[in-house]
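Feature annotations, courtesy of TrEMBL:
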| type | residues | note |
| --- | --- | --- |
| DOMAIN | C:8-82 | domain 'Glycine transporter' |
| DOMAIN | C:94-166 | domain 'Glycine transporter' |
| TRANSMEM | C:6-25 | transmembrane segment |
| TRANSMEM | C:32-49 | transmembrane segment |
| TRANSMEM | C:69-85 | transmembrane segment |
| TRANSMEM | C:92-109 | transmembrane segment |
| TRANSMEM | C:115-139 | transmembrane segment |
| TRANSMEM | C:151-167 | transmembrane segment |
| TRANSMEM | C:179-198 | transmembrane segment |
């Protein structure tokens, strides 16, 4: 049952990331294939970069045709029904945050399987969760969103740290993944809900300087 | 003889991609080494990304010095004789379209050799044909051209689909590569000739919305 | 003793590259994690791209936690003491140029170990020295600095060529690395000191054309 739930979250995450790619691409008025490509890259970019850095190649989506098909279907629906989907921002945001949590945990666990240092595993989790969006923003000629003050990468990094803290305690190992996924989700969700941002480093513009 | 012809098209494609890199870089007024680097990346970028994703490393141009030398020579000539070359836009465009077709087929065939799904092979063909130009545009801080309404990636994708349709029929296998190359070439060529573009998704700006 | 010296230069280079990432990121007013990510990428980006292209994976900084820790510490210090560090531009510039030389030689030697052609080794040296900065500039949505007329990649390329010229002579092999490192350093240092730039290709704007 837990397996089914994780599988479902994986798929929902893939779908929402794909949809976020479609909307970002349409804002820049790309053509239909441009939109599909951006959608695809947003969805699989983070995992791809992780696997390239690890040398775990060919990247997984090449062997597993299911993921590309899910993305293609999601992107097509998002283009066709964009006027309807826009009314479900709240739902999409929840799926997106769940996906962020799921992909972060996926990256951390892959790092552990490769026998890497906890610090590096946190980096891999963050790459898996965030870098699809980073590559999307680069391709669209925006400064990557996650580098702005909104709490996004922060949620992945904090989630990763909590993963290894819990790992060292007597916390039941079989609930580690779901717990950390929900931690990342909650941080991201609460940050947006209550408009939390990182401390501003640049106040000295007017003051101290 | 067919081998010789394909080799020739490979070289012509490499040369025109390198030249297109030079002109794009000069538009942004880069220095001479910047131009050479952009030229190089435009020419080998697509194949490099494909090989990285496949894990077929080190990338081919590292072992085979011929390709880098051809690019270096083409780029140097393009810089020196830029005022003359600009009068051969039509010729360059034909070579560029031939190169696009050739690189697309190269990518598809590599995917088949790696035992990948036809859909993924089409993706690899498109990456090989188009992503040199995408990386060039990113480095030059432009939104990648191929994401605009001009038919470019579209030609690769259609060519790839036709490849696998013909593959399933009794079409002679030894002519598959040349045929699809010419299909990609023709789509691209006719699209530019008759100013064909993809349907505009954004008309609702004034209308429906 | 030479080993210790090279180790020291490696660390100083890593630190200054990390600091340069921090300052570039702060100019674009990124948040704290954005700054850390850019700092990290500036420092290890060149070597990472080289190793990905070579297929020497997982990339080195994943196994060796020392480098990430040095970068994290440098970046944190740079953020905290940014008002003080800004007064040490000259020192930072010297370290940066030394790092450029060191990383260039590192890339060349890795190419040699992989049995690659001298021309490709020079390319690998240039990638190792320069592409951390290139990726930094792309992420920050700037046209990469090294493509501008300042002599930067030029120093790496010239250094690489001199490496192989000396390699063919009776020059003592054990001093080759330090010598070329100093050559790259000197070219870069003198170019900035005396404001040397590459010849301008674009004068024809007003004149000849």
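Glycine is no exception: its Cβ is also placed from the backbone N, Cα and C atoms.
A quick note: this is a predicted structure, and the numbers were derived from the prediction, not measured.
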Within the domain 'Glycine transporter' (C:94-166), residues counted as helix, strand or coil by DSSP: 59 helix, 1 strand, 13 coil
For the transmembrane segment (C:69-85): best-contacting stretch of C:6-25, C:32-49, C:92-109, by Cβ pairs under 8 Å: C:6-25
Tertiary contacts of the transmembrane segment (C:179-198) (same chain, 6+ residues out, Cβ under 8 Å): 9, 93-94, 97-98, 100-102, 104-105, 108, 129, 149-152, 154-156, 158-160, 162-163, 166, 171
Helix, strand and coil residues within the domain 'Glycine transporter' (C:8-82) as assigned by DSSP: 63 helix, 0 strand, 12 coil
Residues from the same chain, set at least six apart from the ends of the transmembrane segment (C:32-49), whose C-beta lies under 8 A from its own: 14, 17-22, 24-26, 59-61, 67-68, 71-72, 74-75, 78-79, 103, 106-107, 127-136, 139-140
Model confidence over the domain 'Glycine transporter' (C:8-82), averaged pLDDT: 90
